[in-house]
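Peer 1: Let me begin by handing over the structure; questions about it come next.
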Amino acid sequence: MPFMGLKGSKGIYKVQPINNEISVNNNGVNKIIIEEERKTEWGLIYLCALFTFTASVQFTLFFTSLWPFMQILDDSVTVTFFGAIIAMYSLSQIVASPLLGFWSTRIEKLKPPLMICNFLMFLGNFLYCLVELFPMSMSRYVMLASRFTAGIGWAQVGLLKSFASSASINKDRSRATAFITGGMALGSTIGPAFQMLFTWIGYPGYPICLDIFGLSKYCLNISMFTAPALAASVVNIFLLFLQIFWFKESYVGVLKRKSDKENLNLPKLPPYDRLAVAACYAIRFTQFFIFTNIETIGTEFAMMMFMWSPTDVVFWEAIAHSIRGLLALSTYICYIVFNLGERFVCFLIEIFVNLVVSEAF
């Protein structure tokens with residue numbers, strides 16, 4: 001989680017000496033007063049939702065096309081190795097997420113980790129576009145490196161979630177967080193749909209051949225498999241410009257520290273509920289465990305059961321994933337529009353949604 005007491009914060013509490021006219025007693029030592037009205041930085045929340053949306057699009061963009069593309073590149077590739085490629089994307093997130101959180105806390109900034117993550121996503125997607133230029137025996141390993149690199153970039157989602165809590169005041173925090181998680185749901189919905197839009201290009205698509213130093217000619221196919229990665233690379237460059245010139249960090253949702261001595265008089269947060277946190281970890285793990293299983297075996301199972309061609313399986317699997325994403329998105333829309341976090345008991349809502357989704361599948 002990023003540092004919560006950044007010096008550049010504005011619109012936050014300060015500790016000042018006793019003022020008899022405008023003060024609130026704080027153990028008879030110092031007084032906590034509101035220097036200015038705090039407001040949620042909605043512009044930053046929307047921008048973070050955009051970052052989360054694009055990261056989630058790139059997470060699900062290759063769900064339906066990765067296995068058919070690997071079979072075209074190397075017909076000797078096994079499902080086991082394909083599973084290893086899927087695992088590399090998740091493994092890189094597991095490794096990168098705590099490291100990025102530690103780095104962000106240490107430097108007391110969020111922007112540098114975000115920029116690094118977007119650059120790595122660009123690098124992974126661009127490497128995906130170039131995989132056909134490598135010998136057939138190396139293509140599977142290039143693909144593995146591509147997905148591992150892109151997975152590190154997706155680890156920025158955890159930073160964006162924590163920043164949404166820091167950039168929003170207490171009464172807006174549920175809604176602000178819903179925008180971030182809603183961006184994830186919308187991205188997972190749109191990702192397979194974007195892949196479906198590129199199926200008209202077909203394979204091998206449109207070759208682009210280059211003579212490098214007159215030694216040999218290299219041909220890159222802009223096909224239904226590589227065009228989405230190329231488009232994602234362009235989006236990553238655009239996001240880097242947004243982060244450099246538009247993204248300004250703000251922490252209006254936390255208290256500002258003036259000194260260690262004065263910090264002793266600030267309100268203390270109660271210890272967090274370890275059991276509740278463990279339950280959240282378990283639920284999230286189960287969700288992504290099922291999600292990754294579907295990603296790994298869904299495409300090859302559909303090709304085997306329905307005798308679909310690579311083009312057909314990309315199209316129909318994209319539709320199936322889009323429907324799944326719409327179900328998840330509808331939940332987040334309800335939280336944002338109807339503010340369910342304040343009106344109902346959250347766990348009852350979660351039980352209801354899980355039952356509906358289970359019946360649907």
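Yeah, the Cβs are placed from backbone N, Cα and C, and that goes for glycine too.
Quick paste from TrEMBL:
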- 44-67: transmembrane segment (TRANSMEM)
- 79-103: transmembrane segment (TRANSMEM)
- 115-135: transmembrane segment (TRANSMEM)
- 141-164: transmembrane segment (TRANSMEM)
- 176-202: transmembrane segment (TRANSMEM)
- 222-247: transmembrane segment (TRANSMEM)
- 314-338: transmembrane segment (TRANSMEM)
Peer 1: If we skip the immediate neighbours and take only residues 6+ beyond the ends of the transmembrane segment (176-202), which ones have a Cβ under 8 Å from one of its Cβ atoms?
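Peer 2: Same-chain contacts beyond the ends: 40, 42, 45-46, 48-65, 157, 160-161, 164-165, 167-168, 222-224, 227-228, 231, 311, 314-315, 317-322, 324-326, 328-329, 331-333, 335-336, 341.
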Peer 1: Would the transmembrane segment (141-164) count as touching the transmembrane segment (44-67), if touching means at least three Cβ pairs under 8 Å and pairs must be 6 or more apart in sequence?
Peer 2: yes
Peer 1: What stretch in 44-67, 115-135, 222-247, 314-338 has the biggest tally of Cβ pairs under 8 Å against the transmembrane segment (79-103)?
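Peer 2: Result: 44-67.
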Peer 1: Report the listed stretch (115-135, 222-247, 314-338) having the maximum count of Cβ pairs within less than 8 Å of the transmembrane segment (44-67).
Peer 2: 222-247
